[in-house]
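Q: Got these off TrEMBL a minute ago, pasting:
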type: TRANSMEM; residues: A:20-43; note: transmembrane segment
type: TRANSMEM; residues: A:72-91; note: transmembrane segment
type: TRANSMEM; residues: A:103-126; note: transmembrane segment
type: TRANSMEM; residues: A:147-170; note: transmembrane segment
type: TRANSMEM; residues: A:182-201; note: transmembrane segment
type: TRANSMEM; residues: A:245-264; note: transmembrane segment
type: TRANSMEM; residues: A:284-311; note: transmembrane segment
type: TRANSMEM; residues: A:323-347; note: transmembrane segment
type: TRANSMEM; residues: A:385-405; note: transmembrane segment
type: TRANSMEM; residues: A:417-440; note: transmembrane segment
Amino acid sequence: MTALLLPLHGIGGRQDLPVPFGLAVGGAAVAIALSFVVLGLAWRNPKYKGDSSGKPLPAAITRTVDAGWFRWLVRLIGLAIFLYAMVALLFGVDRLTNPIFGFIYILVWVGLVPISLLLGPVWRTLNPLRTIHLLLCKLLRQPPSRGVLELPSWLGLWPAALGIFAFTWLELVAPDRATLPVLQAYLALYVVITMFGAILFGDKWFSTADPFEVYATLMARLSPWGRRTDGSLVLRRPLENLDGLKAQPGLVGMVAALLGSTAYDGFSNSSAWIGWAQNTDYSMTLLGTGALITFVVFVLVTYSAATVLAGRMSDSSRTKLPGLFAHSVIPIAFGYVVAHYLTLLILEGQRTLIYLSDPLSNGANVFGTGLLAVNTGITNHSTTIAVLQVLAVVSGHLMGVVSAHDRAVALFPRNKALLGQIPLLVVMVGYTIGGLVLLFST
Amino acid sequence: MGRSYALVYLDTVKGPSKIMRSTLRRGTALAILPTLGMLVLAGCGGDSGSGASPSTTPSNVPTATPTDLPTTPTVTPTGPKTNTPSNTADPSGEQADVTINVTVANGKVNPSGTSIKVQAGQTVLITAISDEADQLHIHGYDKELELQPGKTAQVKFTANMKGTFEIETHESGKLVAKLVVS
């Protein structure tokens, strides 16, 4: 009977094999070569027109997406999924067969990336807390945008950047992070801060402070779907979509938190780090916290320094430049995310869907998935996985370099545009080689 | 994300009686099947562990050197175990393609975070000895070794899934080794 006491470790039990050395070096070489091709041969006049571009979708689609009933349908789907997960969080048992762990760490945190990529900025509407806030406002006959206080404009996305840091700390560093009390405490904090802020500042708070919504909104900029300045839904090239992202305070912080934490995830799995850290006299929590902060601050400082330097070299305004180029780091972060979490999402996503049928671990089979087994077929295609990982990092790099190039020729004086790109290009090559080293060494 | 789930409390896990009660109350075949599945999964690790005889005294702990299989992959996992030199390290006479000896002493583990390469399809034998009660867990393959002070515990399995899998102690939460199956 003691066998029943053992938790089934599914989640995170397996990591990908290290990428073969040749593939990592090849990827790095291609990334560097492509960078200089873009720098030397690409267009000299800005090509992307951001939010004013795009081919309108058929009117029927726009009408449906904008229809009140459709919005409510999506909102209620989001709310229903959230409430179902809350049952597992509040009443489930504290072991890994509880689907809440996979729900938060895999389906929400990793899954919001492909959802946003496929469907565009849908998270805003799915966001259950936004829906609860909206319902409350309806009940009180208040417009949801109204708050008690005005949000200061310098705040921008900084609260969300802090939220990303907090969540990644929970996911990667916190002791006992895969136990119910810890997850309950985190979610209670998240719900209270988000809802309290929304009451104080109105529903603008969600797009400024809800880390999941802000993250999803950024990733949706890599989707082909967008809304044109005239209000119509359009199909446009992802990089054009990305170009439409407005510079705002905290965007650099957001990007640094995303890229830095993903890099830390790879680093913290390396044998060298664990082998050293677990035999020191300091706690792993302390060391992990320090390392996570170091990674995020490293990205923040190197990126900002490169853009400020670019401003100096091209005689442009320096203080605004970090924000104006921040969009170009998003594809790099996306490449990292794909490389690190693709197989995790496929394998553990399946496992979570199986566990979701039995939220209270009492043998229920709500969706009929409870008796299925995880298909581990992809684990045998290790070469394909490695190629996909390297391809993701290199493509992310290429998209970043192209976006930055277009922004540079738009912002910098013509004769200084090439020179001005060099600092950021060097930093981006650094991020990409760093990403490949992490894939190779873990 | 690998390490994130590593530190799992065994203490906080609800007792089996509670689960069995609610399972029986529902009384459906559907309810019992997953429980049985868990028993089978978890049982594989525990059984072979308790069956191992402690043929070495605690003071005479085998030095933990992960012995990889030499270059010739002639030993097929299903075929008869032709003798390879690395197999002799095991005290109980069990044979495997790859043998890993683990020691836990004074809160330190040996090996500590090393990568051990295994070819897919090879058999892996893990022998562990600890100076205090703990569990050794092989992630992904979901094998669990109960460690009692001074007693040798063993588990043997076939590495039929590719990837990197952590071998880790539960109570102290240390990474012993990574099994790199390729």
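Every residue, even glycine, has its Cβ placed from backbone N, Cα and C.
All annotation found in TrEMBL is predicted automatically rather than curated by experts.
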Q: Report yes or no: does the transmembrane segment (A:385-405) come within contact of the transmembrane segment (A:20-43), defined as 3 or more CB pairs under 8 Å with a sequence separation of 6 or more?
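A: As far as Cβ distances go (cut-off 8 Å, pairs 6 or more apart), the transmembrane segment (A:385-405) and the transmembrane segment (A:20-43) touch.
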Q: Return yes if the transmembrane segment (A:417-440) and the transmembrane segment (A:20-43) have at least 3 CB pairs under 8 Å (sequence gap of 6 or more), otherwise no.
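A: Answer yes: the transmembrane segment (A:417-440) meets the transmembrane segment (A:20-43) with 3 or more Cβ pairs below 8 Å.
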Q: Hey, which bits of the same chain come close to the transmembrane segment (A:72-91), Cβ under 8 Å, at least six residues off its ends?
A: 98-100, 103-104, 122, 125-128, 130-132, 134, 180, 183-184, 187, 356, 359-360
Q: Which bits of the chain, at least 6 residues beyond where the transmembrane segment (A:323-347) starts or stops, bring a Cβ under 8 A of a Cβ in it?
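A: Distant Cβ neighbours of the transmembrane segment (A:323-347) are 12, 14, 16, 106, 110-111, 113-114, 218-219, 221-222, 242-243, 245, 247-249, 251-252, 254-255, 258-259, 262-263, 265-266, 299, 303, 307, 310, 374, 376, 378-379, 385, 388-390, 392-397, 399-401, 403-404, 407-408, 411, 424, 428, 431-432, 435, 439.
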Q: Below 8 angstroms Cβ to Cβ, which residues of this chain, lying six or more residues outside the transmembrane segment (A:284-311), approach it?
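A: Same-chain residues near the transmembrane segment (A:284-311) but 6 or more away: 165, 168-169, 172-175, 252-253, 255-257, 259-261, 263-264, 267-268, 273, 277-278, 317-319, 321-322, 324-326, 329, 408, 412, 420-424, 426-427, 430-431.
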